[in-house]
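Here the structure is laid out as structure tokens; the discussion comes afterwards.
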Amino acid sequence: MFACSKKIASSLASSRTCMNVVNRSMSEKATLPKLPFGYKDLEPVISGEIMELHHSKHHAAYVTNYNVALEKLQEATAKNDANAIVTLGPALKFNGGGHINHSIFWTVLSKDGGKPSDDLLAAINRDFGSLDNLKTQLQTASNGVQGSGWGWLGINSQTKKLQVTTTANQDPLQATTGLIPLFGIDVWEHAYYLQYKNVRPSYTKAILDIVNWSEVSRRYSAAV
């Protein structure tokens, strides 16, 4: 439905196909996913207080606001209101991106995340030299985000190479860069400030100790 919204905005015209997708989307609104762990399960790396606020307040707000914007998009499309459609673009991108990013984030964290699969580890060694080098590059990139955003490990769907990059605000990785997300670090202050204060490097270093490598490996296998 994100691709459909982009198509509508760029063409500035209604599309029967897109309208059908929007109508189906309205009957299946975005919903807040259940966490695969308890709020306190990732302590001491992430406190239960942060996790509860992050999930039940921040992520929930993205879901709510995205659904509101989607309703308005349906109305604007039905009226063939090009101005309204274009105006809704930022809200759809921000809140839809927030929902996409956080839905990935929860799945790639685990207190007992294991190790990368043999295939993923081989790709990491090929593209970064070692797992430690990957972690260093990912932490450095995440620390360097100005303001709010995300640090990512992604895979290029064409070359099958792993890449570390960042996105601003709630820009979703794949829609923004074309890279398929494997692991992301949320560096918005709401993700760490109550515990780590303004010392973002301490947070980005600690979170690499709770990577759910089983899920990251699964995502890698699905992408290659």
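Cβ atoms are placed via backbone N, Cα and C, with glycine included.
Quick look at what TrEMBL lists:
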DOMAIN    31-110  domain 'Manganese/iron superoxide dismutase N-terminal'
BINDING   His54, His102, Asp186, His190  Mn(2+) binding site
DOMAIN    117-219  domain 'Manganese/iron superoxide dismutase C-terminal'
With a radius of 8 angstroms around the mean position of the C-beta atoms of His54, His102, Asp186, His190, what other residues of the same chain does the Mn(2+) site pick up?
His55, His58, His59, Phe105, Trp188, Ala191
Averaged pLDDT score, the domain 'Manganese/iron superoxide dismutase C-terminal' (117-219)
97
Below 8 Å Cβ to Cβ and six or more residues apart, same chain only. Which residues does that give for Asp186 (Mn(2+) binding site)?
His54, Asn101, His102, Phe105, Trp150
Fewest neighbouring Cβ atoms within 10 Å among the binding-site residues His54, His190 goes to His190
Measure the Cβ-based neighbour count of His102 (Mn(2+) binding site), defined as the other Cβ atoms within 10 Å of its Cβ.
23
Kindly report the helix/strand/coil residue split of the domain 'Manganese/iron superoxide dismutase C-terminal' (117-219) according to DSSP, in that order.
54 helix, 22 strand, 27 coil
Mind tallying the domain 'Manganese/iron superoxide dismutase N-terminal' (31-110) by DSSP state, helix then strand then coil?
56 helix, 1 strand, 23 coil
